[in-house]
């Protein structure tokens, strides 16, 4: 007797790594002829891929679970299934607090989820994904988990130790993405630069980049690079391969030596400064993105000022900043959360104000230059796109005014040469060169 298949609506919360997990699950569901609903109104089952990174993420996940429960109680759906990071970490507590959820799964339970939906996990679908991104770009998750002991981070509690995927497996998946029309490939992991060390005792990111470059994607972008023990052998590859973006996402978190030691980041301010200088020297024209964490336990005003001054001196091209979240189970949770939320937000605003000045000056320097732009969408008479130096969703956009003839020619997912005509801190403006 055949098991009845579900009509599935999948809600994905959190980061791009979660999105890839959802894409793999959707490919399995589709292969099992499970109906994939575009709207929860069409579904009998809501599946929620949760995030548990910080308090704000946890609350969003819980709010969505409770909303799904209300749909179930109103008999608009039959079943609610929860999986992902929040469920991995707090499965027992969630079962006790929200028993109305039918099933809780963790981050490694794909086959069990498919079985719960009435299907069977198909091992031959290696590398198959139903893309949730636009068809012209995609993420490639090169490893799972993390071996670093950062005191503030709960990721190892949810994702476990690092497990790198074999190069041949990644190449197979990348080829399938290329066949789907993907032109920009963004490499992601908890730490991309540690890739391969668990496979044969040595890191293999340089080799992976070379072999992916050979597949002739237009852009290959490296995200989530860890600064400690940075594999400098990737720098010649980034310099010499034209389709590897001259862009690096290098989250530093802080530069005060006292803060770095307490955070257990494994690097000093001096080593950080030397690394940035080496990257910029070996890859001329590279754009650096970083992320900073302020309001960490016992961060003094002097240490925060040191961070702001470092940002001004270093002149990062892109920068994000987060207020510290006191996460239970982490080493930092044993420290007193010394700063108020208001003070943390004040520091975020001050640091971002400093970065805004830097970003404005850097963008103004681009006025009059020409660069390729990947068009992503249209708004009224404008085409919106990104340059090689901007990652999806987090960085600058280029706003291009189109005349009537251009509106008929320009297509989403296509590269066009653009002349930059004006700039703000976080946006460029331009015209097409057709």
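Heads up, the Cβ atoms here are built off N, Cα and C, so glycines get one too.
For reference, Swiss-Prot has these:
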type	residues	note
DOMAIN	6-122	domain 'MTTase N-terminal'
BINDING	15, 51, 85	[4Fe-4S] cluster 1 binding site
DOMAIN	132-361	domain 'Radical SAM core'
BINDING	146, 150, 153	[4Fe-4S] cluster 2 binding site
DOMAIN	364-434	domain 'TRAM'
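Proximity to residue 153 ([4Fe-4S] cluster 2 binding site), defined by a C-alpha to C-alpha distance within 10 angstroms, is shown by none of the binding-site residues 15, 51, 85.
Under DSSP, residue 146 ([4Fe-4S] cluster 2 binding site) is assigned to coil, being neither helix nor strand in the three-state scheme. DSSP states for the domain 'MTTase N-terminal' (6-122), grouped as helix (H, G, I), strand (E, B) and coil, give 58 helix, 22 strand, 37 coil.
Note: the CA-CA distance between residue 85 ([4Fe-4S] cluster 1 binding site) and residue 146 ([4Fe-4S] cluster 2 binding site) rounds to 14 Å. Cβ environment of residue 146 ([4Fe-4S] cluster 2 binding site): 153, 155, 156, 159, 161, 162, 190, 191 lie under 8 Å away, each six or more residues apart in the same chain. Long-range Cβ neighbours of residue 15 ([4Fe-4S] cluster 1 binding site) (same chain, at least 6 residues apart, Cβ-Cβ under 8 Å): 51, 53. The [4Fe-4S] cluster 1 site is set by 15, 51, 85; from the centre of their CB atoms, other residues of the chain with a CB within 8 Å are 13, 14, 17, 18, 50, 52, 53, 57, 84, 86, 158.
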